[in-house]
Amino acid sequence: FLAAADGLGSIAIDTTQLNMSVTDPTAWATAMNNLGMVPVGLAGQQLVADSICVPGFDPSLSMMTGITPINPMIPGMGLVPPPPPTDVPVVKEIIHCKSCTLFPPNPNLPPPSTRERPPGCKTVFVGGLPENATEEIIQEVFEQCGDITAIRKSKKNFCHIRFAEEFMVDKAIYLSGYRMRLGSSTDKKDSGRLHVDFAQARDDFYEWECKQRMLAREERHRRKMEEDRLRPPSPPAIMHYSEHEAALLAEKLKDDSKFSEAITVLLTWIERGEVNRRSANQFYSMVQSANSHVRRLMNEKAAHEQEMEQAKESFKNALTGILTQFEQIVAVFNASTRQKAWDHFSKAQRKNIDIWRKHSEELRNAHSEQLMGIRREEEMEMSDDDSGDNPSKKLRVDDSALAAQAYALKEENDSLRWQLDAYRNEVELLKQEKGQLFRTEESLTKDQQLQFLQQTMQGMQQQLLSIQEELNNKKSELEQAKEEQTHTQAMLKVLQEQLKSTKELAEINEHDESQANEINVLTVALVNQDREKNSEKRNPGLKSEKEALLIGIISTFLHVHPFGANIEYLWSYMQQLDSRISANEIEMLLTRLPRMFKQEFTGVGATLEKRWKFCAFEGIKTV
């Protein structure tokens, strides 16, 4: 294929070496067939397929006119339009340039591979360039794909080209696989197979990030504008407090139609802290006006409750009428199913009547249950009224005048009491102000110094008490440590004397096992006695109910085993009752109760074994 491409180049470019007419299509077709290539660039044929050429391109401008063939890859024209249908393969054609010629790859070969496209890619890698290719030739070939901003050519056969826009990279990738030949030369340094791929450049990635940030800002601005558009209108601004505004507000509070708006302003003023000694009476009158609406609201509630009761009554009456009609309809269906009339209906009519009857009975039952539920609720309300659980329900509309009069008297009494409390508070404030005027700054500083000294003295006393407590604790710990040390020294002396005696006895009677057992029993008894004393001092009693239960089970188990049992045997038995218990816990419990359990050594040498026995009954006998 390379030899054919080289041969074709020598024919296509240098027309002086041809023995045939350049404008003869038949001669061109014969030459291309001899080279094993499809004839291209002839009159009436396009250099690039219809799916690739720009609409409106005139294919008749070819070598027949004596003009250099116009290529659809000139700047401003789209080389790669939207991808063609997958079922129609794209046929690549020969591309002629001034300084070189590009021959398409074999269509039977797989398409050239490319790496994953980096975001915002505007730079391509071009490899496989001819060794003699210059930067001008590279720009001549690739500027047909779009505006080139920079070309970085290496000493080797590759370069990097950066375009102005991202879509121009797709046009450059289209040239991957083409064979490039400079002029009509057949030298290897003048030919090469192009490999065009995406390149990762920091400038491209930076511009892409800037563009993404700009889009994100636009999106945030758009969302904010949308939220502002959909946000409900803000409530009207509340005016600041003044005596004039307070007088207007007091009039609005008396008006039922403007009460909801006025009460909001009053609440805002109180929360802002507008209440002071000068405006307290005015605010009190406005609060009193607000309280006067409680009676109106209660009357409105009673009226609405009365309307609700009337609506319930009308609904119940209507439901009763509907239920009566349902009963009549069901009676008609039941009469129709009797033999006198039933025999005269056809089979289809009987089926329809039966279906209608069942449906009517279901609706009647549902309505009757609803009516019974309403009646049960009424009976429950009546029973509540009779029992007197809620006294407010006993009031009737006829007694509303008396209740309103009593409520008004109570309200006046409360207002008078509140005025009296306000006057008392003012008198106390005046007294305090007079007392503060007579007090000098020196007395204030002395009081502050005395308070500070008292606080420091209290803190020092507390620190002294805590240090004394720590000292007492340390002394008690030191005494306990001394007692333990003396006890261990005495035990060590006893054990050394016993060891000497056992050695003398072993030399005299080597095979006397009974004496050795007695010595072991004596030593263990001494150790147990000491442990009993220590345990009596340290462990005065049981800690929980669980320990008492464990002691009972262990006592029963060891009482059944008069010769004792080792700790592993005892632990395996207790594991069946409580899987969370450990051998160490059982042994600690046994050592804490030396009057109930004792430990003995049995055997000699390798058969020496520690066993626990139950000795509570022996302690009772000795006592």
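For all residues, glycine too, the Cβ spot is worked out from N, Cα and C.
Those TrEMBL annotations? Automatic predictions, nothing curated.
Quick look at what TrEMBL annotates:
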COILED    287-314  coiled coil
COILED    406-498  coiled coil
DOMAIN    122-201  domain 'RRM'
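Residues of the domain 'RRM' (122-201) grouped by DSSP class, helix first, strand second and coil last, total 18 helix, 28 strand, 34 coil. Outside the coiled coil (287-314), and at least 6 residues removed from its termini, the chain residues within Cβ reach (under 8 Å) are 250, 253-254, 256, 259, 263, 266, 374, 397, 400, 404, 407-408, 411, 415. Looking at the coiled coil (406-498) alone, the prediction's average pLDDT is 81.
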